[in-house]
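*Asks:* Quick one: this structure, given as structure tokens, is what I'll be asking you about.
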Amino acid sequence: MVAFGKKLKERQIQEWQGYYINYKLMKKKLKQYAQQIEVGIQDRRHVLKDFSRLLDNQIEKIVLFLLEQQGLLASRLAMLDEQNNTPQQQPEISQILELREAYRAVGQDLLKLLFFVEINAIGLRKILKKFDKRFGYSFTNSYVKTRANHPYSQLQQVFKHVGIGAVVGAISRNLHELQDRQGSYLSIYDQPALPLEDPVIDSIKAAVDRLTHSTNFLNFLAQHALIMQDELPTPVEEQVDDQKYHFMSLLLNLANTFLYMVNTYIVVPTADDYSLSLGAAATVCGIVIGAMAVAQVFSSVYFSAWSNKSYFKPLIFSSVVLFVGNILYALAYDLNSIAVLLIGRLFCGLGSARAVNRRYISDCVPLKIRMKASAGFVSASALGMACGPALAGLLQSNFKIYKLTFNQETLPGWVMAVAWLIYLIWVGISFKEPSRETEEHHLPQESNAAAENDAVEKGLKQPLLTSSEDKQQDEDSEQECDESEEVSPESHGPATSIRSAYRLLTPSVKVQLLIYFMLKYVMEILISESSVITAYYFQWSTSSVAIFLASLGLTVLPVNIVVGHYICNMFEDRQILLASEIIVCVGVLLSFHIINPYSVPQYVCSGLILFVSAEVLEGVNLSLLSRVMSSRLSRGTYNNGLLSTEAGTIARVVADGTITLAGYLGDSKLLNATLLPSLFICISSIVATCFTYNSLY
């Protein structure tokens, strides 16, 4: 790895060298400002004014050059259009080929212009972040808002890039018409769904997509998945991605994610009845549900390491272990053994291949569709979470085949065993192991935990804030003043153990992980004890509990749509984070049994408030987590995705253990006994967020 200044210099187009952002000058200015403020020569107001003027000049230089180049491209296209529209009875094939190559040449120059814009955008984001961190002032927000909303905004010229879109349209239309000159004369506007197979158009589209994503919703979902795109891929990397990509293999990974979430939550509505049937207390359901999470703490590590070598073998192993685990879970009823029941759930947890699913999307899905694949990962998880309890509510039969019992308690195990068997066969037939030969010649593109390419995509309300490059915390040190300084691979290599990964966590990262722990804890308390609580207070049946839990799960995607489309554009992430934490705390407070009788509306409404606010908090928290996480944790076995998964899994284990321990106090005290630690953790996370406000933002 090298410093950003040297990387910027290496990627510059030589003939355009004088029009790039002068990153080195601006960084030296920051150092100069810091020295002047320290000795009292300059005050902060003068520094803000001077730095704003410097930024304005840099952006103006970039924008004027961009407009000049767009004009040159438009002139070339106009000349080509004249040649193309010259009346001829039968144009020669050589003339058509010559015109096509000329249009492709314009496309290649447009591609260079897009990379020019992208590199400058990264430089602007980085220098703005450096200013905020150096002087402890939120300059970025005020600068972007005042410039973006002005009628003569030059930022709009860069990030709306309407002119570039017109050039892309002209090239696409003419290439398509020249390609079909011998047959159909239909335009691309007559057939908008017609695929454009020209590689130049594909490359341009991928570059434009990196500058501005199609929707906020996709980006918000992808942040949940902790999988994001890289900033500046080279053509070689894009070719490698295309060689690795296999749609059916991606679909199998998403199916694995869906089935695992169904498997996790299908037992929740009946876990208390199953425990009673085997002679244990109803609150042992906490251990039954949590056993899967306990095993997942360990399985996440070895699956993450295994995915360094293979994707096919971990998925096969996962399917076999989950098949065996569900068989054991179902047989525990006829064996009358709580031990077999718990072993079955432990086996299910040992088959958790979510680390492999994330890693496959990160490594093997092309950049141009990785955002959609990441959103698919989150959608599959949410759908599985809703389908699990709903499916349990449908499995209300009671019959025997030979000596095997099939009832509402065992059917979830039998159904999931059949599902995993079918999935195992499907994987064996359809999965294609991606080639790893190219990884010997290129640096591996590991899981990049929710990078911030959404900054440009969010338009002009919050552009230029961050990028995946910004996660390199060491770049913020004084050593970066030497632009050509090489950073040793040893000091920036991936973490090799949980201990070394923990050492890389800054206080702000630890706060974000605490928030993640808190929201997973309160959600697990709500879900896992729902069958016991509703049976004690409201005498709900299994079907009623299943409907309640499925309804909660179905709120995930609508909430993400609202947050991704609207709330993120109206408020800053830090505001949404703190507000969500407070609302989660309010949901916990409203859930306490203080006034008799404890009513269904109180339980349902408080549970809905708690669950929805926790979902909002999760998306925003993971987005912010990516901004403060070390770049050394974006790759390797012990990456930021694994750390976040472990934090959430441990929270579920602790929550399920809390339910079981609180069960010794009796069902009448279970609710308040489990809500007290939830309230304590909520308040702790709010206090920690407030104390680390400056370091986070």
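Even glycines carry a Cβ here, placed using N, Cα and C.
Please treat TrEMBL annotations as automatic predictions, because they have not gone through curation.
These numbers come from a predicted model, not from an experiment.
Annotations for this protein, taken from TrEMBL, read as follows:
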DOMAIN    2-145  domain 'SPX'
TRANSMEM  250-268  transmembrane segment
TRANSMEM  280-303  transmembrane segment
TRANSMEM  315-332  transmembrane segment
TRANSMEM  338-356  transmembrane segment
TRANSMEM  377-399  transmembrane segment
TRANSMEM  411-431  transmembrane segment
REGION    464-495  region 'Disordered'
COMPBIAS  472-488  compositional bias 'Acidic residues'
TRANSMEM  513-538  transmembrane segment
TRANSMEM  544-564  transmembrane segment
TRANSMEM  576-595  transmembrane segment
TRANSMEM  675-696  transmembrane segment
*Asks:* Among the recorded stretches 250-268, 377-399, 411-431, 675-696, which has the greatest number of Cβ pairs closer than 8 Å to the transmembrane segment (315-332)?
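*Replies:* The stretch with the most close Cβ contacts to the transmembrane segment (315-332) is 411-431.
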*Asks:* Might you confirm whether the transmembrane segment (513-538) is in contact with the transmembrane segment (576-595), defined here as three or more C-beta pairs under 8 A between residues 6 or more apart in sequence?
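*Replies:* Yes, these stretches are in contact.
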*Asks:* Given the cut-off of 8 Å on Cβ pairs that are 6 or more apart in sequence, determine whether the transmembrane segment (544-564) and the transmembrane segment (377-399) share at least 3 such pairs.
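*Replies:* Contact criterion met.
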*Asks:* With the transmembrane segment (250-268) as the reference, find which of 338-356, 377-399, 411-431, 513-538, 675-696 contributes the most Cβ pairs under 8 Å.
*Replies:* 377-399
*Asks:* Are there residues at least 6 beyond the ends of the transmembrane segment (513-538) whose Cβ is under 8 Å from a Cβ of it, and what are they?
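*Replies:* Distant contacts of the transmembrane segment (513-538): 265, 268-273, 282-283, 285-286, 289-290, 505, 544-545, 548-549, 552, 577, 581, 584, 587-588, 591, 593, 598, 600, 603, 607, 610-611, 614, 617-618, 621-622, 625, 643-644, 647-648, 650-652, 654-656, 658-659, 663, 667-668, 670-671, 674-675, 677-678, 681-682, 684-685, 688-689.
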*Asks:* Which numbers of helix, strand and coil residues does DSSP report for the domain 'SPX' (2-145)?
*Replies:* 122 helix, 1 strand, 21 coil
